[in-house]
């Protein structure tokens, strides 16, 4: 009787690995990017640095305003008590236009902390430059009153001062405030110029460059070659267990399962 053989593959041969079932060059492997970029975000260290500069600019502006108010107070008091003395500092009205210059510089410096615009930055630089010239002019006129063309008869260190000595001491205090103002315009201008957030271009945000973000769970290696796929398929078939059934009689079959051979009957 002619034997009829049937080959039944085992369960382990029902499916191949996903990289063997698909073609060697997969679309998702070639088209999907291995890395992507994050959106532009505010860098923490740059944000902290920007906040420190803004705080410093605010403090410098507060010093400007304080010295301006002191100039107004001392200048107004000097103008009210001086009668017969010829003071260049009052004839030139330095305590008032100097105070106005310092006040505008301080207000612009504080405003830049809230509204960091390009035109405000330029205005702040210009007003601080003008304040520097005002300070130099004030030093000249006060020094002329106290040292060069002094209208005071008594020295400032007199033990029993009169009204003239009081005026001289007030002008000396005004000189001290002017010297303090001398150290403010340049740091204020530099801090305003080196600000990191020129909001006219990036809407008040300091942005960092795009950085690569590696996606987890996606393959980043190149696709396997055709030879490696064929070799892997051959090795898989060698380990695959095949079942061969031969019918030797109407009710008898010989089953070969690779490792063993047995006979199976219909009963």
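Glycine residues also receive a Cβ, built from the backbone N, Cα and C atoms like all the rest.
Feature annotation from Swiss-Prot assigns topological domain 'Cytoplasmic' to 1-61 (among others); the stated evidence is sequence analysis.
Within its own chain, the transmembrane segment (62-82) has Cβ neighbours under 8 Å at 89-90, 94-96, 98-103, 105-107, 109-110, 131, 163, 166-167, 170-171, 173-174, 177-178, 180-181, 184, 188, counting only residues six or more beyond its boundaries. Positions annotated as transmembrane segment by Swiss-Prot: 62-82 (among others).
If you look up Swiss-Prot, you'll see 83-91 (among others) marked as topological domain 'Extracellular', on the strength of sequence analysis. Distant neighbours of the topological domain 'Extracellular' (83-91): 75, 138, 141-142, 144-145, 149, 151-152, 164, 167, 171, 174; these residues of the same chain sit at least 6 beyond its ends, with a Cβ under 8 Å from one of its Cβ atoms.
Annotated transmembrane segment per Swiss-Prot: 92-112 (among others), in sequence order, evidence recorded as sequence analysis.
Feature annotation from Swiss-Prot assigns topological domain 'Cytoplasmic' to 113-121 (among others).
What Swiss-Prot lists as transmembrane segment is 122-142 (among others), and the listing cites sequence analysis.
Taken from Swiss-Prot, the feature topological domain 'Extracellular' applies to 143-171 (among others).
When Cβ-Cβ distances below 8 Å are used as the criterion, the transmembrane segment (172-192) is approached by residues 53, 56-57, 60-61, 63-64, 67, 70-71, 74-75, 78, 89, 95, 98, 102, 105, 109, 112, 121, 124-125, 128-129, 131-132, 135-136, 138-139, 142-143, 146, 156 of the same chain, each at least six residues removed from its ends. Marked as transmembrane segment by Swiss-Prot on the basis of sequence analysis: 172-192 (among others).
Annotated topological domain 'Cytoplasmic' per Swiss-Prot: 193-267 (among others), in sequence order. Across the topological domain 'Cytoplasmic' (193-267), the model assigns an average pLDDT of 62.
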Residues of the parent chain within Cβ reach of the transmembrane segment (122-142), under 8 Å, 6 or more residues beyond its termini: 64, 88-89, 92, 94, 97-98, 101-102, 104-105, 108-109, 112, 171, 174-175, 178-179, 181-182, 184-186, 188-189, 192-193
